[in-house]
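A.B. asks: Let me give you the structure first, and then I'll get to my questions.
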Amino acid sequence: MGIRQKLLSFLFSQLILVLMVSNHSNAMGLKLGYYHKTCPNAESIISKTAYRFISRAPTLAAPLLRMHFHDCFVRGCDGSVLLNSTKINISEKDATPNQSLRGYHVIDAVKSAVEEACPGVVSCADILALVARDSVSMIHGPYWKVPLGRRDGRVSILNEVFAEVPAPFANITQLKQMFAAKGLNTKDLAVLSGGHTIGTSHCLGFTNRLYNFTGKGDTDPSMDPNYIVKLKQKCKPRDTTTLVEMDPGSFKTFDEAYYTLVAKRRGLFQSDSALLDDPETKAYVILQASTHGSTFAKDFAESMVKMGQVGVLTGNQGEIRKHCALVN
């Protein structure tokens with residue numbers, strides 16, 4: 001092999017190595033205090049603006065948290081969930097799993113306030129990560145430091161949502177595979193599912209468990225029959241409008257009550273009940289249910305930081321959008 005061939009071979013092997021580590025190194029490109037010099041008041045502007053909305057409407061916290069989750073699971077945490085559809089493309093925002101998301105007006109107001117202070121500096125992806133953190137913290141949940149430096153993606157495709165975002169009907173095998181594909185482990189799955197301690201769901205997300213679980217007009221045997229009776233009083237078959245609390249009695253407060261419900265077979269979704277079908281996730285549910293969530297706040301903060309680094313764009317990738325719903 002000549003020197004030229006050896007050099008080409010070496011360069012090719014280096015390129016493969018670069019591609020292998022690029023996803024990991026992108027996450028390494030995030031850092032605390034990223035806007036310290038370019039927009040020193042960014043985090044405080046974001047928190048104050050978000051507080052203005054969440055203090056008046058605490059129920060916005062859950063959809064804003066979910067918005068960040070849905071963003072990170074499709075193309076990484078790049079703000080693609082915020083993009084509007086165009087004449088030639090239907091975006092993630094219009095996919096069925098995202099149609100119940102609310103709070104885009106909060107993100108727009110935050111972006112507008114930040115742009116006024118520091119035009120063209122802070123990404124929508126970073127804003128969403130910070131607003132999700134602040135939403136949880138403002139309703140008595142944990143607070144965590146968010147590494148920043150994400151850039152905004154330019155692509156948002158409806159069909160990718162169905163393949164990437166875990167459905168409420170998912171079983172434990174599907175859930176573990178979908179989380180593993182994002183570099184998240186089984187513990188992260190058990191922890192992040194605890195986000196269902198806040199928020200509501202349309203009946204459509206679980207009525208199959210009440211009326212027609214296997215297509216024979218039956219109920220889901222993994223759900224507490226007494227709970228099924230209660231839910232049937234709220235949700236009739238084919239009800240598409242009624243909202244039901246995911247964590248009855250404390251759906252506006254971020255606490256560990258979700259795990260107590262799941263342990264009692266009262267998780268609303270099949271994906272909640274599925275946590276009892278794996279030894280590791282079941283052990284986590286039982287631990288939090290029996291110790292008043294002794295480690296839940298700390299675990300949730302850690303898993304959120306980890307999730308917030310999935311598939312991020314950094315450096316010169318992507319862009320800093322001027323308006324979060326539109327590419328530049």
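First residue shown is number 1, and so on along the chain.
Glycine is treated like the rest: Cβ placed from N, Cα and C.
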A.B. asks: Using the record from TrEMBL, pick out the residue from Cys39, Cys72, Cys77, Cys124 that is joined to Cys118 by a disulfide.
C.D. replies: Cys39
A.B. asks: For Ca(2+) 2, what surrounds Thr197, Asp247, Asp255 with a Cβ no more than 8 Å from their Cβ centroid?
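C.D. replies: Filtered neighbour residues, in order: Gly194, His196, Ile198, Met246, Ser250, Phe251, Thr253, Phe254, Glu256, Ala257, Tyr258.
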A.B. asks: Taking only same-chain residues 6+ apart in sequence, whose CB is under 8 Å from that of Cys77 (disulfide bond), what do you get?
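C.D. replies: Those within reach of Cys77 (disulfide bond), by Cβ under 8 Å and sequence separation of 6 or more, are His68, Asp71, Ala125, Leu128, Ala129, Arg150, Met307, Gly308, Gln309, Val310, Gly311, Val312.
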A.B. asks: Within 10 angstroms of the C-beta of His70 (active site, proton acceptor), what count of other C-beta atoms is obtained when all protein chains are considered?
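C.D. replies: Its Cβ shell of radius 10 Å holds 22 other Cβ atoms.
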A.B. asks: Which of these disulfide-bonded residues is closest to Thr197 (Ca(2+) 2 binding site) if you go by CA atoms: Cys124, Cys203, Cys235?
C.D. replies: Cys203
A.B. asks: For the disulfide-bonded residues Cys39, Cys124, which one has the sparsest Cβ surroundings, going by other Cβ atoms within 10 Å?
C.D. replies: Cys39
